[in-house]
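Participant: Sending over a structure as structure tokens; questions will come in a sec.
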Amino acid sequence: MHHNNHHHGHHGRYQHHHNQHLKRPLKGGTEDDDILEITPIGSGSEVGRSCVLLKYKGKKVMFDCGVHPAYSGLVSLPFFDSIESDIPDIDLLLVSHFHLDHAAAVPYFVGKTKFKGRVFMTHPTKAIYGMLLSDYVKVSNITRDDDMLFDKSDLDRSLEKIEKVRYRQKVEHNGIKVTCFNAGHVLGAAMFMIEIAGVKILYTGDFSRQEDRHLMGAETPPVKVDVLIIESTYGVQVHEPRLEREKRFTSSVHQVVERNGKCLIPVFALGRAQELLLILDEYWIANPQLHHVPIYYASALAKKCMGVYRTYINMMNDRVRAQFDVSNPFEFKHIKNIKGIESFDDRGPCVFMASPGMLQSGLSRQLFERWCSDKRNGIVIPGYSVEGTLAKHIMSEPAEITRLDNVNVPLNLTVSYVSFSAHSDFLQTSEFIQEIQPPHVVLVHGDANEMSRLRQSLVAKFKTINVLTPKNAMSVALEFRPEKVAKTLGSIITNPPKQNDIIQGILVTKDFTHHILSASDIHNYTNLKTNIIKQKLTLPFAQTYHILISTLEQIYEQIIESTESTGGGGNEKPTITIYNEIKLIYNIGVSIILEWNSNTVNDMICDSIIALISQIELNPLSIKVRNPNFNNIDEKEEITKDDIEKEKEKEKEQQDGDDDDDDEIQIKVVSRKSRKLSNKLNTITEVKLLLEQQYGNFKVDENDPLILHFNLDNQKAIIHLETLTVESLDQILKQKIENSIKRIILSVSPIGNNLNQINNQDNENNIKMETDFK
């Protein structure tokens, strides 16, 4: 018996290019694993704590794992409790970029849940992630933050677990294929394409198709996508052109310092900050009248991370790479790094870039509270602000704000908003969808109102695309019924099958690819091990060889007789081989040794042989044995009518029983043709008997005993027993009698060589499929 451990998996809808496809017809109804389920547990109709779980064919993938910038502690996390039962089975966590709203919950998820899967990021993302979150842990320790989500050991554990990938690199894990593409947005940002059972899902993360000062725009994956999970931060808004945006930004800053004010630019330490530093440094170089105005950048973290920017200059655009050949564009001439507010001379005009970007806490909040009541000062908000944050609140220009110490103070400084957030706008999003043409689009990472407007616009523009906007912890289910395709390999395709042929082989499934192989090819095409179980059984048998062979030939068709030497004395024992698979060695008057290689079919045949031999041994008189004396007939001759007549006469003369001399058992080697003739006569007798039982009495032809006449209510038919054919003018009667004869033949004839009667029952070893000639 061939044992193989089948790899678990399912068929994909993709087509392989090979000579032969074998397709199993789909059953009616939808199976559970045909449903692809997408559940945002963060970023569903909101911006912040991006985290999306995808489930399909038993595989589970999580995209991003961030915190919400408007909250702190456990309430800032994605809704992990809503997927608690799924967490131990999540295969992959794919993190798109280093921003906290996409990555800051990773240490918590890896260290404090039952997650056991693999984590992937690009090289720059991992480098900056480590620095950003080390800083987060230090700040939490200094402020003795009770809401601290994780500590240094959790972060270290996550860094050990994170694996790095490059753009366009293909990774495969547990039947899931992963490829990442450049997403623009920030250094190292990636879109992730995953493929499960031929269904392709693209998660964009935050992306921008517009090239800026240092980054290339997002690329369009060159493959057909089935589901697109895409950000919708800016909804239907359209960004102003880059040069206009830069001009408005530098003008806003210039106006503040020109009136001797202090200009605060709240930014996140990394990402857009580097873009803004490039713009300001270039503007200051071009405007000597501003050289006396210092630009401060208060971030030791950013200074540390600039090393990463220099390392991965090759992942930036041509402009930066060309400039890098001359000098490092990230070594600024007019920008001073300072550690904090203590070493800062707060006199005269200045430009101050400080984090965080939404003024929730930290240095940017301290400076804002210090400067907000002086009308000479100004703030330029350069990125997207989330609902519930101070940055979002002051954009509506309230008369006063509440400081962190709960004191209300007037808001007199000027508030400007210039978007540098490097998110996709409506034009970029719709162009991207137009190029990819996905049947399904799932919107995430957007304010509920913006997302709703974007959905309406996309539905109007792309009438055939299904656009979905799930809320947090709510799932969308999409049905994919992939074509079930198996590829034939090895010796099984030596003779290519025709339509409706039966293919016998072993179906080996691994990671949604399927192959049908001959058992003998298993070790050539897989790493599976096969074993053959050899069976040997001894049965007591005191009857004659003639009884044995005659009985077997009535049941089994392909029989070869030979002799086999056993022991050292040169004794030769009669041997019978059935279907080239099963060997019977006859020990005269003592026993039969049965040998075979175990498999489903051979075991079944051997069961029947054992039953047959046991019956002969218990009651030899119950076995109808044919006359053995036909050695005078030439083996090559056809069986004639005269042969049949002679056989019938000899049967009448034949006396029951064996030779009188019981002391000496004679082995009679009986001619193959004579036994064949005897079996044919038996078949004719059975056919005649059973036809008479079914249709009543037949009249035997006067001149030929092998012709029967049937006559009932003027319905006439002639049956030729020798050829088992029927003549009749009544086609219905003719067909009816022919069908009866076929059924009788099937029941009384030996089992055929091809064993179809048995094999068709053997569903595990047979795969009946239609042949696909695509």
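The backbone N, Cα and C atoms fix where each Cβ goes, glycine too.
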Participant: Need a hand: Swiss-Prot gives His97, His99, Asp206 for Zn(2+) 1, which of His185, His214 is also on that list?
Facilitator: His185
Participant: Which residue of His445, His514, His515 does Swiss-Prot report at the same Zn(2+) 2 site as Asp101, His102, Asp206?
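Facilitator: Same Zn(2+) 2 site in Swiss-Prot: His445.
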Participant: Given the recorded positions Asp101, His102, His423, His445, find the one whose Cα is closest in space to the Cα of His185 (Zn(2+) 1 binding site).
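Facilitator: Given the candidates Asp101, His102, His423, His445, the nearest one is His423.
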Participant: Can you figure out which of His97, His99, Asp206, His423 (the recorded positions) comes closest in space to His445 (Zn(2+) 2 binding site), comparing Cα atoms?
Facilitator: Asp206
Participant: Non-local Cβ contacts of His99 (Zn(2+) 1 binding site) (under 8 Å, 6 or more apart, same chain)?
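Facilitator: Listed in sequence order: Gly66, Val186, Asp206, Phe268, Gly271.
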Participant: Round to the nearest Å and give the CA-to-CA distance linking His423 (active site, proton donor) with His97 (Zn(2+) 1 binding site).
Facilitator: 13
Participant: Sort out the sequence-distant neighbours of His102 (Zn(2+) 2 binding site) for me: same chain, 6+ apart, CB within less than 8 Å of its CB, listed by position.
Facilitator: Ser50, Asp64, Cys65, Gly66, Val95, Ser96, Gly205, Asp206
Participant: Check His97 (Zn(2+) 1 binding site) against DSSP and tell me helix, strand or coil, would you?
Facilitator: coil
Participant: For each of Asp101, Asp206, count the other CB atoms within 10 A of its CB; which of these binding-site residues has the top count?
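Facilitator: Of the binding-site residues Asp101, Asp206, the most buried by Cβ count within 10 Å is Asp206.
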